[in-house]
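Visitor: Dropping the structure in here first, questions after.
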Amino acid sequence: MPIMCLIYGINYLDKTTISYASIMGLKTDLKLKGDDYQWLGSMFYFGYLAFEWPTSRLLQRLPLAKYSSFNVIMWGIVLTLFAATFNFAGALTVRFFLGVFESAVTPGFALFTSQWYTKYEQGTRTGIWFSFNGVGQIVGGLVAYGIARGAADGGVAIASWKIVFLVFGLLTAGLGVIFLFIMPDNQLNARWLSKEDRVLAIARVRVNQQGIGNKHWKLYQLKEAFLDPLTWAFVLYALIADIPNGGISNFFSQLIVSFGYTPIQSLLYGTPGGAVEVIALIVSGYIGDRLRRRVLVSMVGLSIALLGIILIVALPLENKKGRLAGYYLTQASPTPFVAILSLISTNIAGYTKKTTILMMYLVCYCIGNIIGPQTFRPSAAPRY
């Protein structure tokens with residue numbers, strides 16, 4: 001769990017580093033015009049979408065931990081390359097390949113969770129590692145603030161936004177190497193367990209009736225996935241819910257600036273939103289598992305997020321503190337997304353069916369996140 005949490009925290013940082021950079025000079029240095037920035041936000045998910053089906057097959061066919069580690073290392077290397085871009089086309093290319101390599105992370109982690117934990121533990125565990133998106137937002141905001149403040153006070157040899165990409169990219173690649181040596185593909189090759197404990201680790205998840213990973217692709221399970229009505233309920237939610245997610249995750253720094261704060265202040269004031277996400281996900285996962293009502297409990301987080309959106313929309317422009325508080329509340333919104341993700345890993349037996357539904361769920365997640373940045377039109381500022 002600790003290494004999964006660290007990797008997933010970095011996962012959020014890598015996707016949203018562009019939001020920090022957008023108010024640190026990136027737009028000027030890359031000569032972005034019109035809706036160029038919106039397309040940079042969406043392009044990440046075009047890469048994610050393009051590779052989601054191949055990566056779901058590779059997650060089943062290849063050793064799970066080794067393939068996941070390869071993707072983590074590669075996405076760290078690609079992120080550092082953003083510092084070498086000097087125009088819109090180069091940035092667009094980097095964002096596409098960043099999505100390609102990150103497409104293995106969430107489905108891979110859902111499979112790890114289903115391998116190692118009983119179905120009564122998986123909601124809490126999924127909530128814990130997913131909550132490190134919030135930890136990533138806190139750390140990322142503080143690091144970006146420190147870099148921006150240092151650049152303003154003492155000057156730097158390269159643009160401060162490039163330093164942010166280099167720091168987070170190198171950190172990701174380094175953690176990917178650690179992940180490669182620590183994370184086992186399954187209980188059978190966990191070096192840190194004795195032979196007896198490996199047997200026990202498999203025996204304790206027998207209650208799931210799902211096995212620990214079958215490498216054979218089964219056509220009948222593919223058909224089951226497409227004919228199951230719950231599959232379409234899951235993917236419809238992912239599509240709709242991730243339209244606002246795609247907008248806010250790419251524009252939250254600019255959104256805070258639009259409330260009336262300075263760019264440097266926005267880096268710092270964005271961090272409490274991460275704490276809201278951490279608390280909401282862990283509490284929702286734990287209570288959902290205890291009551292065995294994950295979806296129902298997760299609706300509380302979504303209701304809090306809706307209240308936050310109402311505050312941002314309804315409060316007058318001059319009430320910047322109230323609108324900032326509204327933004328913080330929106331960060332409770334991932335609770336249903338994570339609850340459904342845990343249901344896919346818990347309630348769906350058959351490795352082919354599970355990976356297929358995960359793929360479909362995340363494809364619609366991508367489509368929603370592609371649409372989201374396009375809803376933030378430059379002409380609509382500051383109300384958006």
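Placement of Cβ uses the backbone N, Cα and C atoms for every residue, glycine included.
Curation plays no part in TrEMBL annotations; they are all automatic predictions.
What TrEMBL records for this protein is below:
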- 1-384: domain 'Major facilitator superfamily (MFS) profile' (DOMAIN)
- 67-90: transmembrane segment (TRANSMEM)
- 96-117: transmembrane segment (TRANSMEM)
- 129-148: transmembrane segment (TRANSMEM)
- 160-182: transmembrane segment (TRANSMEM)
- 225-247: transmembrane segment (TRANSMEM)
- 267-288: transmembrane segment (TRANSMEM)
- 295-315: transmembrane segment (TRANSMEM)
- 327-345: transmembrane segment (TRANSMEM)
Visitor: Ranking 160-182, 225-247, 267-288 by Cβ pairs under 8 Å to the transmembrane segment (327-345), which is first?
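Guide: Out of the listed stretches, 267-288 contacts the transmembrane segment (327-345) most.
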Visitor: Give the one range among 96-117, 129-148, 225-247, 295-315 whose Cβ atoms make the most pairs under 8 Å with those of the transmembrane segment (160-182).
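Guide: The stretch I would name here is 129-148.
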Visitor: Take the transmembrane segment (295-315) and find every residue of the same chain, 6 or more past its ends, with a Cβ under 8 Å from one of its Cβ atoms.
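Guide: Tertiary neighbours of the transmembrane segment (295-315) are 244, 280-281, 284, 287-288, 322-323, 325-336, 338-340, 343, 383.
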Visitor: What else in the chain is close to the transmembrane segment (225-247), if you only count residues 6 or more beyond its ends and a Cβ gap under 8 Å?
Guide: 41-42, 45, 309, 330, 333-334, 336-337, 340, 343-344, 352-353, 356-357, 360-373, 375-376, 384
Visitor: For the transmembrane segment (129-148), which stretch among 67-90, 96-117, 267-288 has the most Cβ pairs under 8 A?
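Guide: Top-ranked stretch among 67-90, 96-117, 267-288: 267-288.
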Visitor: In terms of Cβ proximity under 8 Å, which residues at least six beyond the ends of the transmembrane segment (67-90) contact it?
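Guide: Apart from its flanks, the transmembrane segment (67-90) reaches 7, 10, 14, 17-18, 29-32, 36, 40, 55, 58-59, 97-98, 101-105, 108-109, 112, 158, 162-163, 165-166, 168-177, 179-180, 183.
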